[in-house]
């Protein structure tokens, strides 16, 4: 618990030397007030690492960011919401490059040091005249207090912004890690799901940071699902400007471990925020798989249950339908002993065992009902056949999910 | 078209020598009028073949049927709705056997010649006193006109029964194939999804029939999805009693091909009926993938699109959101050239191209709207990179799906 300190109202501007802004640039159609362009800028060139969507229709900004991050250096990130710039052909690619170029020009940076990200509608070309003005506006609004505005500007159907920052002690030097993310729909584990930007003033080897990011994303963002749809625009990027002045983290030692745990905390917290704010969600639903033979199988089982539409509607319906949970365990394609599986439903300190050794138990329906009436519900699946565990985060499937995504009907 | 004749109001009793019944036996709780026990009985022992769920929690009746069908012979099928007899432990297994035993006793058959199937709630043991009486009632109600009653008795949340029969000419002898199925929820391609029973009076080699069944199920039932959940109770069983008197089909020849095409038609028709009557569905949604490099990839793409919650809600919302379709193509894990893909929306004779070479087109929004307002909507995805195709069937994701499955909230 003392490993790091959570910073009240922390965000991407909490680490030293990071400015940010979020402005309304007119990218979101029919909306003249919502912010839709965000900038994050480091005072110094930063070591950078990223992970990206595995969707074959990776959007133009993903392609450009992958290109520009190759040398391991970035100094700024420009992000817009309201238009994903995905499936937009050659013009889309050139537009994403131009977003970086305009940003670089206005901030006196190298174009290749600017990462680009977009989120919103697929298949519509950006209006670059509007975008150019919006970026200039964002550049002139940059401040060391702009982190919250930036987090707001990347929201689409999110109902709240997702931000966090922590402080970790590296060899006596306080090092800070801040993060922001957006989620909501088209959310499904398959590599760096969703948009996520992390800043840190840590001085750390680029390769080591990249390894940490990849490993942690696999256990956090890639274990979140809202609707099983892997987006074309997913991206998680970390910028480390070294301004904390710590001795460089170069090896897998205690200091690396501290940085790793801090980064893990930030990414896990953002993952949970995304799950909780999934489109139409009324509950955060967590699946904990315990004591599995392999970690891979534990993940398969957790993902299978968190994705099941029948489990998700049962959670919405506050129905202790463990049969749907065990059916999803059964079709997960994991290897396990069916006759050993126990299932518990939990919320906070309340817990009830609903199935044992792969079959149902008589349980207290009133208590089950009370657990399921809470805003945060957990299913614990004990495989009793090993030492590996996995956690997945998601939400219930509600009328509002359908409403948000079938809007012509609402 | 002249290959076979569709028989008006045909069902499992259309082939020679099959009796059936469907009765209300009191298995469905709180319901004293709906039918819930079905019997299908052949006058003669029949060659039989089956395919089953891949869910590791295969229900007790699946286990028993697999055991009893091993010698390739069955003479009857007993089915109940209202209780799945899944995850019910040793008692569940013994209960499934007893269902076969009671049926055999009352019909003077061998217990091992009776297949057993169940559908309904998971994890609740059957009341065998009620079940015993129900089977006796069903046995005494058997008739050569009972096919429709049997199809009704296996319904759960289905809103209509699913039945069909055809006649095919084998070497001058008319041979009939009849089928019934249930679907609705927990419907997802992974081996013989759902319950399906096919009868035929064809005289055909058992192994050949088994091969045909497996192949056809893979192209039909396994290409249907309602909610992505693979049930514990899926089963498709064919009984062939040889009473048509045709020369035995023993080789992969013209007669086999005719039988195969007839069986294909029956299973495809039942698959489409299931997709159309998916829980809460307001539209039948078909995905046709054309000109793909491999059949495997064509199937991956079709399944990925048919399962996408975002595509399904767009279809419900009558929204020509091809971006969601192409995103699902992109995360299908199939290999293809992203820059070649064209997408069309179709209904009946109306068709409109909405994307070309992986990017959007300006299209007639009014016509798109009209196509999407129909009850049967099709997405055609032309990969322009090979000769393989695949079709998947599903439905839209609606408020009613959520309502049906979160019933405590409704």
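The backbone N, Cα and C atoms fix where each Cβ goes, and this holds for glycine too.
Worth saying up front: this structure is predicted, and the values here are computed from it rather than measured.
Annotated features, as they stand in TrEMBL:
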type	residues	note
BINDING	B:156, B:182, B:193, B:279, B:405, B:410	substrate binding site
ACT_SITE	B:193	active site, nucleophile
Residue B:182 (substrate binding site) CB neighbourhood, other CB atoms within 10 A: 29
Per-residue Cβ crowding (10 Å cut-off), top of binding-site residues B:156, B:405: B:405
Binding-site residues near chain A, Cβ-Cβ under 8 Å, from B:156, B:182, B:279: none
Cβ-Cβ neighbours of residue B:279 (substrate binding site) (radius 10 Å): 27
